[in-house]
Amino acid sequence: FQMVDINESCFVADQLAASQAYVTFMAVKAFLCYLALLLLVWHVKRNGVRWLVHTNTKIVFSSYLVCNFVASAAFGIIYTVDVYRLWLGGPCPLLHYRVVFVLRGVGIIALMSEILCGLVLSLERLYSSCRPVHFEKAASVGLSVVAVVVSLVTSTGVMVVFLVPLSNFSALVPTTNLKTPETAEGYKMMIYFMIGMELASILTFHIGWLVNYCSKPDPDASSSIALLYQIKENAEIISTMLPIEYIHSFFMCAITFGMALYPVIVQSKSPLNMQIFLEVLSMPAHFTLFLVAILEYKLARRRRRLRHCVLSDETSHYFKQLRK
């Protein structure tokens, strides 16, 4: 049986290596991952996280950006390894599954940690919307650090629980996918966990937005200015994070349910066609490009508003507008 499996794996690997279009596509995907790294570094050097104001929010969002950096780097490396072994690997260019597990596993842990950091941010915004005055006074640096560490540990634990017991680390595989016939069930449960956390984050952001929108402090209260400022900050952060969360969850759902619909969409059962279809749907690997684009757009609009406020000598009217 093992010889039959090896022969089948060699057939798939040779088919992938013989497709110049597929190898070129993998090279383009690797380039996009490295481009995302450069753009993310450029964005952070240009903007930092100063626009978030609060230290605890800065810590969580900085961790979110680091997770995106690690994910892009991990996927860029694995695509590079894939291109190298298909171009120069000779006949039957198989990979050790343990190499695939380490490289793609780092990327998936980073993706999952990124999702959980987004959930932490949504809970923080909900708390800020419900108790804005208290949130304004509280730094909660230690709590933010703990939340980030718990996110990382949880992501690693989920992957270990769902995949390690089912994995055959001595196997030779034709693709760089963690999902194999042996790990299929555990992989599916892990992806469902990630999508569930992402949807919970989106729901929490929407609840926070609704609570924040309905907050109407007493104009005569001594804390009304601080309250109004916090409400305004909440609205800006939530409006920035929601499109980010929507796009990321769309990519996750597309790859999950797209592969389930593959037999309906594509009639051919060719391993090459299936792998191309999978890689076309693997947009979470390139999410950092969209993240940088959204952040640049949102922060550019913010800068334009502030510039207009200063140039028009409307600074004195700022808080009057907040009171409306």
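Yeah, the Cβs are placed from backbone N, Cα and C, and that goes for glycine too.
All annotation found in TrEMBL is predicted automatically rather than curated by experts.
Listed in TrEMBL for this protein:
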| type | residues | note |
| --- | --- | --- |
| TRANSMEM | 21-42 | transmembrane segment |
| TRANSMEM | 63-81 | transmembrane segment |
| TRANSMEM | 101-121 | transmembrane segment |
| TRANSMEM | 141-169 | transmembrane segment |
| TRANSMEM | 189-211 | transmembrane segment |
| TRANSMEM | 246-265 | transmembrane segment |
| TRANSMEM | 277-297 | transmembrane segment |
- Query: In terms of Cβ proximity under 8 Å, which residues at least six beyond the ends of the transmembrane segment (21-42) contact it?
  - Reply: 65, 68-69, 72-73, 75-76, 79-80, 82-83, 86-87, 272, 275-276, 279, 282, 285-286, 288-289, 291-292
- Item | Distant-in-sequence neighbours of the transmembrane segment (101-121), which means Cβ under 8 A and at least six residues beyond its ends | 57, 60-61, 63-64, 67-68, 70-71, 74-75, 77-78, 81, 144, 147-148, 150-152, 154-156, 158-159, 163, 167, 169, 176-178, 190, 193-194, 197-198, 200-201, 204, 237, 241, 244-245, 248, 284-285
- Message: I need to check the long-range neighbours of the transmembrane segment (141-169): which residues 6 or more away from its ends have a CB within less than 8 Å of a CB in the stretch?
- Response: 55-57, 59-60, 63, 96-98, 101, 105, 108-110, 112-113, 116-117, 119-120, 124, 178, 180, 182-183, 185-187, 189-190, 193
